[in-house]
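Report on the structure given below.
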Amino acid sequence: MSQAEEAPIRVGILGARGRMGSEAVRAVGEAPDTELVAEVNRGDSLRTLTDAGVQVAVDLTHPDSVLDNVAFCVDNGIHVVVGTSGLGETELETVRASLGDTPNTGVLVVPNFAIGAVLSMRFAEIAAKFFESAEIVELHHPRKADAPSGTAARTAQIVSRAREQAGVAEAPDATTKEFDGARGASVDGVPVHSVRMAGLVAHQEVLFGTEGETLTVRHDSYDRRSFMPGVLLAVREVGTRPGITVGLDALLGL
Ligand SMILES: NC(=O)C1=CN([C@@H]2O[C@H](COP(=O)(O)OP(=O)(O)OC[C@H]3O[C@@H](n4cnc5c(N)ncnc54)[C@H](OP(=O)(O)O)[C@@H]3O)[C@@H](O)[C@H]2O)C=CC1
Ligand SMILES: O=C(O)C1=N[C@H](C(=O)O)C[C@H](O)C1
């Protein structure tokens with residue numbers, strides 16, 4: 001059977017009625033090489049996935065639900081693309097341990113599916129060691145459950161690691177007196193400021209500063225369609241990457 005004749009990938013979407021889930025339902029339904037065979041909404045049994053013979057599940061639910069959903073998929077040998085924010089290092093360790101029983105299963109955790117966002121994180125990583133100061137401002141729609149965003153947390157981790165590896169000193173900051181939260185949340189030592197505002201979708205600025213100059217790396221998602229090429233790429237690739245992969249970087253050749 002040639003590649004063009006291969007059977008479409010059988011996909012299940014968790015959180016199918018949500019803002020992201022409904023876009024993903026449309027994208028997976030329209031792509032020629034993927035077939036939407038299961039939709040799971042709050043209260044539905046996860047057995048819907050196994051009953052439908054799902055090969056790849058896409059989790060777009062809620063930070064409180066995602067770990068249980070991933071555990072079910074891994075236990076049942078279903079590859080899973082995790083778009084939901086909320087899987088930190090501790091949770092990833094739990095998933096890693098459970099993968100011991102189904103080592104061929106892929107778990108692809110994607111903090112941000114938008115190609116521009118992935119690139120902006122890489123640009124921030126490159127810039128990180130050249131500036132004394134680094135801070136992140138993330139701006140989202142007001143119905144978002146988590147703060148800071150998964151993208152901001154991941155960006156802070158990447159920036160922090162790059163600065164540490166290059167031996168950059170702590171950013172200058174003379175603050176000794178402040179209102180709670182005025183300097184943002186410290187994520188791996190990088191201040192992250194979260195804005196929630198009607199009219200926005202998903203936006204982020206990584207600000208760098210040093211003597212006499214600043215650099216701002218900004219990305220804007222104006223529409224959730226911006227995430228769909230990344231969702232489809234992840235669905236197509238997750239089955240070829242056993243174990244845990246974080247981010248789309250490797251899939252994009254970055
Ligand atoms: N990686 C990326 O690029 C992106 C990630 N996201 C992330 O995706 C997640 C969803 O975002 P968004 O679509 O805006 O949120 P929504 O609240 O619009 O959608 C989430 C949906 O999941 C449902 N849900 C909650 N728990 C479960 C469960 N256990 N099983 C099945 N369905 C469930 C919700 O139902 P109910 O309404 O009844 O609670 C809702 O329909 C968030 O974590 C967000 O940060 C968002 C955009 C891009
Ligand atoms: O909730 C959202 O909308 C988004 N969530 C992801 C995150 O937490 O980073 C990705 C994107 O920012 C949109």
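Quick reminder: no glycine exception, Cβ is built from N, Cα and C everywhere.
What you are looking at is a predicted structure, and each value in this text was computed from that prediction instead of being measured.
These features come from TrEMBL:
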type	residues	note
DOMAIN	9-113	domain 'Dihydrodipicolinate reductase N-terminal'
BINDING	GLY15, ALA16, ARG17, GLY18, ARG19, MET20, GLY83, THR84, SER85, VAL110, PRO111, ASN112, PHE113	NAD(+) binding site
BINDING	ARG42	NADP(+) binding site
DOMAIN	116-251	domain 'Dihydrodipicolinate reductase C-terminal'
ACT_SITE	HIS140	active site, proton donor/acceptor
BINDING	HIS141, GLY150, THR151	(S)-2,3,4,5-tetrahydrodipicolinate binding site
ACT_SITE	LYS144	active site, proton donor
Inter-residue Cα distance where the pair is GLY150 ((S)-2,3,4,5-tetrahydrodipicolinate binding site) and ARG19 (NAD(+) binding site), in Å: 17
For NAD(+): widest Cα to Cα gap among GLY15, ALA16, ARG17, GLY18, ARG19, MET20, GLY83, THR84, SER85, VAL110, PRO111, ASN112, PHE113 in Å: 20
Minimum Cα separation from SER85 (NAD(+) binding site), reported as the residue among recorded positions ARG42, LYS144, GLY150, THR151 that achieves it: GLY150
Candidate nearest HIS140 (active site, proton donor/acceptor) in space, where candidates are the binding-site residues GLY83, PHE113, THR151 and distance is Cα-Cα: THR151
Recorded positions whose CB lies under 6 angstroms from ligand 1, from SER85, PHE113, HIS140, THR151: SER85, PHE113
Env. residues of (S)-2,3,4,5-tetrahydrodipicolinate site, Cβ within 8 Å of mean position of HIS141, GLY150, THR151 Cβ: SER85, PRO111, ASN112, GLU138, HIS140, LYS144, ASP146, SER149, ALA152, ALA202, GLN204
Secondary structure at the residue listed as 'active site, proton donor/acceptor', reduced by DSSP to three states: strand
Entries of SER85, PHE113, LYS144, THR151 (recorded positions) sitting next to ligand 2, with Cβ under 6 Å as the cut-off: SER85, LYS144, THR151
